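**Student:** Pasting a structure below so you can have a look.
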């Protein structure tokens, strides 16, 4: 990236030198794979196919499989782990060149580990675990022992070299996964785009003018480029689901404390009022199930105190006990921002298909999403944003646009007192209680006699937005306020051109201004399915049903385990 | 209590008038049962048998049964609910006269409800639920629709008439329970004794010079007097277990969010950092199981958002899957205060019996209980105690001794900032993580190859202390810091006279000063069993095993369900 060492002296600020050094480190790691490097020569906005072009036919076959199939094929010795890791690593290097999605790169160690695993399998005949030999990518702020954990902050670069794996990483290793890269996250992590002063911006591989989403936007760009079959992200307002959706992937945010969460770096460590979740981004729904199963079969509650002792119920996740006729509520519009036409169209498509398949569909009356947003943003910033500001000020780095946007919500208000925090917690509980009753009373409107089983809804008001324009989180953060499990799934690629209604408020006006069909050229269209708290298994089983009602969908899911 | 209306004008302070009015209300409610009233004529410290003396033989039989048997006998129409409620109500009135344990009294409504239930059973042949016709008493700060909820604060008297039942109350009603009295809790609720400026002090029925414990000390005194078969308390530092233990009862504090908790009045509503639990006080271990089963069979997570969707596993609670050979760790001394001799003697008795019965027994190495205490008391008082002080100051009432003692822990420090609160939360998490590892590594010392299954330990350093002398919570609050389920059970009555070792610190010195065998004359001796988080069922199953190794114990448990 930077060839001329004199650039160093050209740095105006000390923080720029640190950023430069981090980028040089990354360049050095990439330099070992010079043959794989890719320059985008012609001006093109769709770079998603470039990684595949670098691969051999055999490699191309490999990187199109999901983790479930890869684990199976490695176990059956159709492919070696070395082959698989090599193919993904190659695509990952290209993905980095075309989307800027990586942070720490340790492909050689990964290939060594893959070789060990291959030998183990050859000698013993056994796999070490359900992910034996499968490469998995990790979001930057999740600790991997021995690696820097800069987490998108200049001030944390070269400071937070992890002395221990995060619990999720430890379990992945024990399950046989091969870690090989860490991926970009934005400054502050509190962003649905991915941009920071260390590495800059991660772009959407389907249209580089658009964001890959955030905060797990390195993961989504990488996986969409076939640079990893399975990635680990985190979500406190949409940070797994939004990037997964913007890049045409599957992503799951479970209920708080169901999946391992210890060993992350981030601002506001120790915050109880609203808590994030670790979760998977993948190319198939069944890989989400695989990830959860691996995590909970490891009984992580025996090492991480806050976790719930709720073992993974594989049978339920595969549909056991699910009623034949589901009752699905559709949330068409959250009352704040009408979704862009391609999203509404997708909802209609699923509504019609669900009805044809014999399911019950009702409209979801949205609770006050604006109230939910106003509440969660207060809970995010109990200290008025002081810790974020201090972290940036210490190193001298400026806030990037999306950091400034979110911190602006607390501008001038200072920190809350203990009594105010307690009142906010009570507001949150009252909001949750209202929402629970709201869900229960749908029983009066369904034809099944049950409350609705799930809510089908947008994940955002737009497809992947142009960089620095994200301004409404209400479709994703709403389910964090309520602590309900939510999963996103791809439904196709954008191709409609319809007009929007009159805007109802300032937020909507700003977002509607962006609406032009051409802006979102080639962008993935995704939807979200929301379930009852602690019912991740049932949610995934329902996703399977919902996906199957639309017959022409294209998905890895159709690849049979051999 | 107060006969002469001129006493009103004798009140020096307005708050005393309010207290007087509350006590007059109670007197008026009791006046309807003049025949049952009891005056303690001779100076006696053991008043526990006085209620029985007021009863007929048939009534005496009734009040000696536990809730499990009562439910069975009512269902089989051996007794009517009216008879049962009448017997307990009679004993409750006497219990009030001799221990000062009641607040709101609504026996007539209870008898009406009992009659309805009797008619329902007669007409339909069916019970309305598993507690059909069984009287249950409720701690004052738990809301019952239509009743004042003064909660031990002058300022809340006549202010907090509940417009809705607490979730636990609602479930009890639906299960057929008959509510008839509310019971005393201390000012501030943050006390292991029971004393407030409205009603004064509740005394221990076995020795009125001693406390009945707190904060559920109205419940413990009432149930020990046969004035209720089953009561509902709350516990954030020992408030179910300590009063149950001091009065020779069973009491369970589950993991946070397993049992319904919504609908309580108390200071610090909205506090997340440390959360209390609702739970049962009873005369048998099986009644604890019955209570939990009734609560969780009602699926309370469908009405109370924070609750865990963890259905009650009746089979596990009854011993399914429990290894034949248990590994029990004994905590002899928490490193701060050596327990008084009767407690150590009881631990030895159980150790020997467990070994004889073929179980594995090891010593528990206590984690730093002082550190745990220092931490939890900070979490209790994040605002420096401001809310407690304000509530008292508003009405002008002074702090009673135990309120002053606990608030003194935060004297002069003011409230914590957001950053400090986050750090305290992290300390709590680190403490929990350390404790979890500490438990796991016992695997290296057991003969079963498993980590220990449970910890057997004191519930307090002394038997029920003389009034206003409680000064060490570390044996009970430690398990609140760690959020582990804990149950207390009676093991006998005090009769030993041994010396204590040299004291090691100021806390111990103060407590040792109180040690004289005669001080605790007739006091119940109890122990505590602590299990793994979220494993309430397994804990109760283990309690059953542990109790049974000591063959000469006397307990309601031996009464067969007919």
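Yeah, the Cβs are placed from backbone N, Cα and C, and that goes for glycine too.
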**Student:** Out of B:189, B:259, B:264, which does TrEMBL tie to the same substrate site as B:215, B:236, B:237, B:238, B:239?
**Tutor:** B:189
**Student:** Which one of the binding-site residues (B:189, B:236) has its C-beta surrounded by the most other C-beta atoms within 10 angstroms?
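**Tutor:** That would be B:189, with the most Cβ atoms nearby.
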**Student:** Out of B:139, B:189, B:236, B:237, B:238, point to the one nearest residue B:215 (active site, charge relay system) in space (Cα versus Cα); all of them are recorded positions in the record.
**Tutor:** B:189
**Student:** Per 10 Å Cβ neighbour count, which of the binding-site residues B:237, B:238 ranks highest?
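**Tutor:** Output for this query is B:238.
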**Student:** Other than B:189, B:215, B:236, B:237, B:238, B:239, which residues of the same chain sit close to substrate? List them in sequence order, counting a residue when its Cβ is within 8 Å of the Cβ centroid of the site.
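**Tutor:** What remains near the Cβ centre is B:190, B:191, B:192, B:214, B:216, B:234, B:235, B:240, B:242, B:276.
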**Student:** Rounding to the nearest whole angstrom, report the longest C-alpha distance spanning B:189, B:215, B:236, B:237, B:238, B:239, listed for substrate.
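**Tutor:** Answer in Å: the longest Cα-Cα distance is 11.
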**Student:** Averaged across the domain 'Amidase' (B:83-540), what pLDDT does the model get? Just tell me the whole number, please.
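**Tutor:** Here the predicted model's pLDDT, averaged over the domain 'Amidase' (B:83-540), is 97.
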**Student:** What does DSSP say about residue B:139 (active site, charge relay system): helix, strand or coil?
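**Tutor:** In the DSSP reduction, residue B:139 (active site, charge relay system) maps to strand.
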**Student:** List the residues of the same chain that sit at least 6 positions away from residue B:239 (active site, acyl-ester intermediate) in sequence and have their Cβ under 8 Å from its Cβ, in sequence order, or write 'none'.
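**Tutor:** Non-local contacts for residue B:239 (active site, acyl-ester intermediate): B:189, B:192, B:214, B:215, B:216, B:233, B:276.
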**Student:** Taking the Cβ of residue B:215 (active site, charge relay system) as the centre, how many other Cβ atoms fall within a 10 Å radius?
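**Tutor:** Excluding its own Cβ, residue B:215 (active site, charge relay system) sees 35 Cβ atoms within 10 Å.
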**Student:** Calculate the distance in Å between the alpha carbons (Cα) of residue B:236 (substrate binding site) and residue B:139 (active site, charge relay system), and round it to a whole number.
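**Tutor:** On Cα coordinates alone, these residues lie 14 Å apart.
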**Student:** What does the structure give for the C-alpha distance between residue B:139 (active site, charge relay system) and residue B:238 (substrate binding site)? Integer Å is fine.
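**Tutor:** About 15 Å separate the Cα atoms of these two residues.
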